[in-house]
């Protein structure tokens, strides 16, 4: 009964948005502002996901395969952005990169994150990298460490064992983590709004576009953008389930 209620609530609410938003998608794609928001969202989410991969893979591997003092503290700190409200994460980044010596130094060398597209990428990275680390940790934990040990006894270095044994065995988890991280980056709003602002045709991602159109009373455009986000999210979650689960679809 509880499952049926949840399914009915989710399907009916999202279904109403799609019913009202999908018919006007063709008109919306003719709008240069929405096309800009879609392109910017795809661009920033891809870049931030690449940065997440760069950091998450070695961090997840280290946290699974190595024991060291303070490991639980490190885990807790890394997981903290997942527990923070997105607005709080955005404000934290805003303060760090604007009113500190560190932020001023970055600005002096041409790295400006406040109210720029770089800020969008930074916010997406900050709130999503802990999720990718979590997924990758689960994938690596399911791999028998003895397989790495055997490869090392055959002459592989630790790095070679990782790339030739661990990474191929964890490929489903890695792919699933990339898909879900990209989808979350595409839909990031609160943290992005705090650090990058909501400037039309400059820092306007799809969630920001939805917010701006709804604020201006353009419900049709807002529903169209919402429909795009729902469709992308659903496709991403289907791929995530197919790659990350051993159970039949």
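Using N, Cα and C of the backbone, Cβ positions are placed for all residues, glycine too.
Heads up, TrEMBL stuff is auto-annotated, nobody curated it.
TrEMBL assigns the feature transmembrane segment to residues 43-64, out of the candidate ranges 43-64, 131-152. Feature transmembrane segment, per TrEMBL, maps to range 221-243 of the set 14-36, 221-243.
Among the ranges 160-180, 181-201, the stretch that TrEMBL annotates as transmembrane segment is 181-201. Listed as Cβ neighbours of the transmembrane segment (221-243) (distance under 8 Å, sequence separation of 6 or more from its ends, same chain) are residues 14, 17-18, 20-22, 24-25, 27-28, 31, 34, 37-38, 172-173, 175-176, 179-180, 182-183, 186-187, 206-207, 209-210, 213-214, 249. At the 8 Å Cβ threshold, with sequence separation of at least 6, the transmembrane segment (84-103) lacks contact with the transmembrane segment (43-64), having fewer than 3 such pairs.
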